[in-house]
């Protein structure tokens, strides 16, 4: 597989550790950078577009990795010990002691582990029902108020949707939200049926009718959210799992960590999500629930042809493609796709949110309304093979990033927070260009103003010309994680079992086998896309290039030399250690 689909597979961003943010440096400059309130009316949260943290816990399923918590405003709750005054959920917790939790649930085998927590199989002590428990470890929560607010919001959203009963069967159910001295435990419905794309290529015969049925479920989730005042903001195939392995298993949405409450007419400015699925208005920092329909339209496009409608080999090129628009219905298999399907895709990917179909209107479109009568002719092997490689490449990167996450010590995160406060002399909560220059000069490490401006441009998410704690720490963590010689080599060695300095086909098949069961051809395709010198194996340099391409903050340095950017990071760390 080459061309568009190869670039798509290689550059798909793994954002588990930088939760869905596009560097400000690649976004268009707008005048809409003032934060909008996305508060929940119930908790009176004044968090200014507040989603963007939450816990991913590996989406509580095997093979998933925990996403990195985003920094918010610093200097408040969320960390600390187990006393009630340091509570994260507070009165929102169903169980408030370790003894109470142990009495109600029995923890079992680990399903996934990441930078900020662990997901385990668990069971109801009274009934034996199999469940999943996502534990957000207290010691891993940063000392920023937003972390606790994000957890509470995710819990509140899941509770609101779970309370709908049978009407919310397409959303994973939250059973309990518990808190003890160790952290927060979210006990949820266990989904063991696998990812959306895995099910598609496992069946062997994939048709437009099958795509229509899946799309109807996905858009149904969007409609359910919008009816209940919730905007999802991170719709993508990886956030949907099958409940079980049966042929008629329901498909369920499983991740609401970026979701927010909204009111009619409310506009949001925070750029969150996954780049391939972002609507133009999200990139232009003025959006509402219509953006979810766009994301669902991107998923539908991929379901029908195996590649995204707008793509690039890095975030900058992808953003440019999205803003330029234009849908390609010429390449295979589009000539054999029905006119009704193409009509719906076009209307969901309308660049104007005011004329884009609503979720309700999408469900009333003839193609989805009559999904059971959509063409039952195979879309062709090319679609299945594209989806298969996309899924396999994702899992390769997830495994590698999981190793990176495990090797990032808590103390390093704390160090960056303390660094921010030392440099924030006026306690404004923001670092200006002068703050950064002065902070380095005082510590005997003067840095050219152009390099300071580079850091500001790369890290300034909201475009206000300063770095808040979240922005400052996020960019430094990513620079350090991806440039520090300690982390990526450990991830490489995880795959290079024989230690010969190369990842070979057998090693990659063994590493991915438990989760994917990939065919030899799929693994060959992955290696071919990464193997730039065409020797049939992956060197460390090629592995590093794969990990860097298309990834959040690592691409923030694309306009500058990597050496200069890393040098600035080292000076900042050394000057404030």
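Cβ atoms are placed via backbone N, Cα and C, with glycine included.
DSSP classifies residue 119 (ATP binding site) as strand under the three-state reduction. Residues annotated as ATP binding site in Swiss-Prot: 111, 112, 113, 114, 115, 116, 117, 118, 119, 134.
Non-local contacts of residue 428 (Ca(2+) 1 binding site) by the CB criterion (under 8 A, 6+ apart in sequence, same chain) are absent. Residues or ranges marked as Ca(2+) 1 binding site by Swiss-Prot: 424, 426, 428, 430, 435.
According to Swiss-Prot, the feature Ca(2+) 2 binding site maps to 460, 462, 464, 466, 471. The local packing around residue 464 (Ca(2+) 2 binding site), expressed as other Cβ atoms within 10 Å of its Cβ over all shown chains, amounts to 14.
Around residue 498 (Ca(2+) 3 binding site), the C-beta neighbours below 8 angstroms that are at least 6 residues distant in the chain are 507. For 496, 498, 500, 507, the entry in Swiss-Prot reads Ca(2+) 3 binding site, with the evidence type sequence analysis.
What Swiss-Prot records for 531, 533, 535, 537, 542 is Ca(2+) 4 binding site. Following the DSSP three-state reduction, the secondary structure of residue 542 (Ca(2+) 4 binding site) is helix.
Residues or ranges marked as domain 'Protein kinase' by Swiss-Prot on the basis of sequence analysis: 105-368. The average pLDDT computed for the domain 'Protein kinase' (105-368) is 88.
As annotated by Swiss-Prot, N-myristoyl glycine applies to 2.
Annotation comment: Swiss-Prot describes 374-404 as region 'Autoinhibitory domain'.
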Among 119, 430, 466, 500 [binding-site residues], residue with fewest other Cβ within 10 Å: 500
Residue 111 (ATP binding site) versus residue 542 (Ca(2+) 4 binding site) - Cα distance in angstrom: 30
Surrounding CB atoms that lie within 10 Å of the CB of residue 531 (Ca(2+) 4 binding site), all protein chains: 18
Distance from residue 466 (Ca(2+) 2 binding site) back to residue 533 (Ca(2+) 4 binding site), taken between C-alpha atoms, in Å: 42
Count of other CB atoms lying within 10 Å of the CB belonging to residue 535 (Ca(2+) 4 binding site): 11
